[in-house]
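Shown next, in structure tokens, is the structure this report addresses.
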């Protein structure tokens, strides 16, 4: 049943606050978060590219993750900061769809990249003697190419399916950026086919990545527990704790964002989790890796000492 026959041309995003003083505080906080996110991820990319001892598969994947986090943050944060300044939370429908495309693309890419990184840690711990053969540079480049290629198919298919929808409002969405479920909510066309496509495409591509990630860690834990000495177990586990922390933060936030309904009782909590997922996580990832990686710390100290 059609709700309104007037086709909308713009979407009204949700402001995080109506209080002017709070808005100034939020703008300052989110600006600092975005700048720190961009700089820390850019620094990791720079170190990985310029430091010879970081030219190994683990840091090759980490450099790609840093680029992903920097890109994902840049899709959502600048627009939100602009809206804070102008106090105009409207966005044209084409721009909203474009933002949605890249939100899905970079989010899907991270799912696949974390899966590749978990496989790398699995080979390093469970098959150390064959690591150099299995994780050759050709294999690493193939994995990353597959990550970026397969991730691109998900937003492309879902965006093409949006062409069958008519958007007639209400044009308000309960989020500070555009995402696919929010576009479904403002459509006056039956979205059951689009939801089905989203589930099938997301399920086919993401399930494999999800299973690979957690099966890799199941094998890692099984291998680590078989090590007789506590020092040996600690050393083996320390090689993957950074990645495991990033995986847990990512999956917890994405599960709450996409699988917990946006009811009025949970609206505030949903806003907080969305901010964590879209803005805080891209900052936490490089901090977690830089704080736990002796190689990154050493590379940074050498770079500072040289200059």
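Start at 1 and count along the chain as shown; that gives each residue its number.
Placed from the backbone N, Cα and C atoms, the Cβ positions cover glycine too.
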(request) Would you please say which range out of 56-77, 166-187 has the annotation transmembrane segment in TrEMBL? (result) 56-77
(request) Grab the same-chain neighbours of the transmembrane segment (140-157) for me: Cβ-Cβ under 8 Å, and only residues 6 or more beyond its ends, written as numbers and ranges. (result) 57, 60-61, 64, 100-102, 104-106, 108-109, 111-113, 116, 119, 197, 201-202, 205
